[in-house]
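According to Swiss-Prot:
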| type | residues | note |
| --- | --- | --- |
| ACT_SITE | 92 | active site, proton acceptor |
| BINDING | 92, 93, 94, 95, 96, 146, 188, 215 | substrate binding site |
| REGION | 246-252 | region 'RNA binding' |
| ACT_SITE | 265 | active site, nucleophile |
| REGION | 270-274 | region 'RNA binding' |
| BINDING | 303, 305, 308, 334 | Zn(2+) binding site |
């Protein structure tokens, strides 16, 4: 039911194209996943999302458990029916949110007790509970519950959290019983290569349908992000999809693909879109700026998204300067389309054997310009 089929390999790098087969359709890789935390990509309908070329989205177990609750989603027919999205869905376990958003009361090998950030009530999440929530939600891919410490933690604290993550993974594997849902483990270990290697080998030993690398891009220096991207893949199985969590910049996606990663997610395209910032090649444009007031060209004349086909920079400038919701939706649509287009161009370049680690297909001098 879940299979990762490698279709082509790059001769210059570790990049590959593939197809991840799921019960709700296939995901062509490399692939960017938009983030729909509460079963919605903010400000965008499922129909609009399809127009961007999105093939898989991410929702969050932590937030959906708090509101509206997994039982209601299950009663509706599952998360796909609940949000009217018939393509694959991955649910993050909520580990990162528990440790970054909630006021912790107690943490043990059994789980985490914390205060609900919505109403202050006490909530307890264990690996077993997180698995049950995700099984009730009915996503295609469930993520194991992990302990994601702050990037400022020292090596001893990160090692302690890593052992907890590994213990929880064992419990997740024992609890997860849904044949039409894949379970992915998560590699942790912070900025320490020894711990990352240990975690990658331990997580890989379970032979799960896929494997993720977490605790990346959580405030650490870019050199530390690149160290993880460069070093962890060598300890991961080749025949499984590799998911690098929380990465959405073109530079990091290109580097990660070159090192053999396949799937990415990030809130960046919609978060920036809601603030009036649009992607153009490898730049970010603040559409509120006065220079766009009389500019009647699209954001990007080479882009085929619904926004660029129908609306000018001047119109978008007018919308965002007047805080019209439509403007934020249209820019978010373009930003998501831009990242999907980028990963599509990477795929084409890998197949044509012209992908490079500094992939920039918008440059006319690039040998991969034809993919853009």
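Keep in mind that glycine also has a Cβ here, set from the backbone N, Cα and C atoms.
The structure, with features from Swiss-Prot marked on it.
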residue	record	DSSP class
92	active site, proton acceptor	strand
146	substrate binding site	coil
215	substrate binding site	coil
265	active site, nucleophile	strand
305	Zn(2+) binding site	coil
334	Zn(2+) binding site	helix
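Averaged across the region 'RNA binding' (270-274), the predicted model reaches a pLDDT of 97. As a summary of secondary structure, the region 'RNA binding' (270-274) carries 4 helix, 0 strand, 1 coil according to DSSP. Comparing the Cα of residue 303 (Zn(2+) binding site) with the Cα of every entry in 92, 93, 96, 188, 265, these being the recorded positions, the smallest distance points to 265. In sequence order, 97, 98, 99, 143, 145, 147, 148, 186, 214, 245 are the residues of the same chain, not among 92, 93, 94, 95, 96, 146, 188, 215, whose CB sits within 8 A of the CB centroid for the substrate site.
Look at the region 'RNA binding' (246-252): DSSP puts its residues at 3 helix, 0 strand, 4 coil.
Same-chain neighbours of the Zn(2+) site beyond 303, 305, 308, 334, judged by a C-beta within 8 angstroms of the site's C-beta center, are, in sequence order, 298, 299, 300, 304, 306, 307, 309, 333, 337, 338. Residue 305 (Zn(2+) binding site) and residue 92 (active site, proton acceptor) are 28 Å apart (CA-CA, integer value). Distance noted between the C-alpha atoms of residue 215 (substrate binding site) and residue 265 (active site, nucleophile) is 13 Å. Comparing C-alpha positions, residue 146 (substrate binding site) sits nearest to 334 among the binding-site residues 305, 308, 334. Between the binding-site residues 94, 95, 215, 215 has the most other Cβ atoms inside 10 Å of its own Cβ, all protein chains included. On the backbone, the CA of residue 95 (substrate binding site) and the CA of the residue listed as 'active site, nucleophile' stand 16 Å apart.
For residue 308 (Zn(2+) binding site), the same-chain residues lying six or more positions away in sequence with a CB closer than 8 A to its CB are 298, 299, 300, 301, 334, 337. The two recorded residues residue 94 (substrate binding site) and the residue listed as 'active site, nucleophile' have their Cα atoms spaced 14 Å from each other. In space, 265 is the closest of the recorded positions 93, 96, 188, 265 to residue 305 (Zn(2+) binding site), judged by Cα positions.
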